[in-house]
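S.K.: Got a structure for you, written out below as structure tokens; questions coming shortly.
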Amino acid sequence: TAIVCAVLKAPQGIGEPSVYHAVVVIFLEFFAWGLLTTPMLTVLHQTFPQHTFLMNGLIHGVKGLLSFLSAPLIGALSDVWGRKSFLLLTVFFTCAPIPLMKISPWWYFAVISMSGVFAVTFSVIFAYVADITQEHERSTAYGLVSATFAASLVTSPAIGAYLSVAYGDTLVVILATAIALLDICFILVAVPESLPEKMRPASWGAPISWEQADPFASLRKVGQDSTVLLICITVFLSYLPEAGQYSSFFLYLRQVIGFSSETVAAFIAVVGILSILAQTVVLGILMRSIGNKNTILLGLGFQILQLAWYGFGSQPWMMWAAGAVAAMSSITFPAISAIVSRNADPDQQGVVQGMITGIRGLCNGLGPALYGFVFYLFHVELSDTDGSGKGAKPNMSAIIPGPPFLFGACSVLLSLLVALFIPEHTGPGMRPGAYKKHSNGAQSHSHSPQGSGAEGKEPLLEDSSV
């Protein structure tokens, strides 16, 4: 259905790039992974019966750190050679570990850690969307892509849990592998290139400088512009707890709160549906009514409330209520992506989104490891995997059932305080010199304007004062 919609909704048919092509790619990739939610929890505990939370955090931590190291290079290369080939590359390696789950669990966890080198699909997708949308359309388009991520998780965990109980985990893994292959075939056959030919170099031998491949280069550059620095600090402090939460929350629901596998799947579905509404309908209304910056602040406020509720909540109804708040907090990242991309030139969208994805990749490495370590300190272990949710309760404080979530709430509070100083731009007229290019690497080709003599000192985005 998603593929048919992409064909019908494309402006000039399947031959012209559209947001719907990006939507299908994201949907299929994460639908395949969503099917594996229940089997993955079982395999994780069987492979690491001791310190399950800690090992889960370390595995996702390695993957996240590798994504951080590779994101700038992938983004810069996509600016030079086009988006389609890198969409194919990132989707292939992100989904490569799926069939190994039943073949060899140890190889599965090893490959899933190493796949972080190319697990930066969102970076390329957001650059793809920026290529084909006008500035005033991007917040809505980014919201649609983010909502698709939520939509892919509405039914897939429930379907995976049902198939796992009825037919076994092997069938679920085969189905997920087939969907991943369908995604790859869709990119090969149906997804058109979004980067205009005139923005690409004349040959594939164009050099890429070390500065563009250096993951810490973008971190050094952000300090040259106050606006970018504030945005990146906001992203880091807000996404650090979110990344840790993604890596361990389903285990937490089953072990600490007592959710069954079916209830976990239903929880994901409900939060997914609410997130779709938040990132499509609500996001568009908020961006038009209160502006980009205030939308970010509102999303961060919801995230603080959500994490605090997770931390202090000990009853199932509290988790459901906090899940509804979590859906509203999902508007933050599309709003941040919009405020960043509208300050970038058309041929620099990959670098810009690569920078933000790099920050998120760093969080994907630190967040799961941090959560796993805090769970380990408070002796939260997984002792029940039969889906009943009736295993022995962990040894922890009765007042604070979820200590890592309270650490996360404090981090997001700091993020909110930083975001207060982000200047609110009203349009492109506010940034006459937006996103200066550098003279080295991919930006030195024929499509780049002739630079000045101080390219190395130019700010990443428009310089603005706080």
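A Cβ is built for glycine as well, from the same backbone N, Cα and C atoms used for every other residue.
TrEMBL does not curate its annotations; it predicts them automatically.
So TrEMBL lists these for the protein:
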type: DOMAIN; residues: 18-427; note: domain 'Major facilitator superfamily (MFS) profile'
type: TRANSMEM; residues: 19-41; note: transmembrane segment
type: TRANSMEM; residues: 53-74; note: transmembrane segment
type: TRANSMEM; residues: 86-101; note: transmembrane segment
type: TRANSMEM; residues: 107-129; note: transmembrane segment
type: TRANSMEM; residues: 141-165; note: transmembrane segment
type: TRANSMEM; residues: 171-191; note: transmembrane segment
type: TRANSMEM; residues: 228-252; note: transmembrane segment
type: TRANSMEM; residues: 264-287; note: transmembrane segment
type: TRANSMEM; residues: 294-312; note: transmembrane segment
type: TRANSMEM; residues: 318-340; note: transmembrane segment
type: TRANSMEM; residues: 361-378; note: transmembrane segment
type: TRANSMEM; residues: 398-422; note: transmembrane segment
type: REGION; residues: 431-466; note: region 'Disordered'
type: COMPBIAS; residues: 440-451; note: compositional bias 'Polar residues'
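Surface or core, plus neighbours and distances: that's what I need for these features.
M.R.: With a threshold of 8 Å between CB atoms, the same-chain residues lying at least 6 positions outside the transmembrane segment (19-41) that come near it are 2-3, 5-6, 9-10, 87, 91, 94-95, 98, 101, 121-122, 125, 128-129, 132-133, 141, 144-145, 148-149, 151-153, 155-157, 159-161, 163-164, 169, 172-173, 175-177, 179-180, 182-183, 186-187, 190-192, 250-251, 254, 261, 264-265, 268, 385, 387.
Cβ atoms under 8 Å from those of the transmembrane segment (361-378) belong to residues 51, 53-71, 116, 120, 235-236, 239-248, 394-397, 403-404, 407 of the same chain, restricted to positions at least 6 beyond its ends.
Non-local neighbours of the transmembrane segment (398-422) in the same chain are 227, 230-231, 233-234, 236-238, 240-242, 244-245, 248, 252, 256, 293, 296-297, 300-301, 303-304, 307-308, 310-314, 339, 370-371, 374-375, 377-378, 466; each lies 6+ residues outside the stretch with a CB under 8 Å from one of its CB atoms.
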S.K.: How about the transmembrane segment (171-191) and the transmembrane segment (318-340): do they have 3 or more C-beta pairs under 8 A, pairs 6 or more apart in sequence?
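M.R.: Not in contact, no.
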S.K.: In the same chain, who gets a Cβ under 8 Å from the transmembrane segment (107-129) while lying at least 6 residues past its ends?
M.R.: 17, 19, 21-22, 25-26, 29, 43, 47, 59, 62-67, 69-71, 74-75, 78-79, 83, 86-87, 89-94, 96-97, 100-101, 138, 141-142, 145, 194, 337, 341, 349-350, 352-354, 356-357, 360-361, 364
S.K.: Might you confirm whether the transmembrane segment (228-252) is in contact with the transmembrane segment (318-340), defined here as three or more C-beta pairs under 8 A between residues 6 or more apart in sequence?
M.R.: yes
S.K.: Excluding the flanking five residues on each side, which residues at least 6 beyond the ends of the transmembrane segment (294-312) place their CB within less than 8 Å of a CB in that stretch?
M.R.: 234, 238, 241-242, 245, 249, 283, 286-287, 318-319, 321-323, 325-326, 328-332, 335-336, 339, 399-406, 408-409, 412-413, 415-416, 419-420, 422, 424
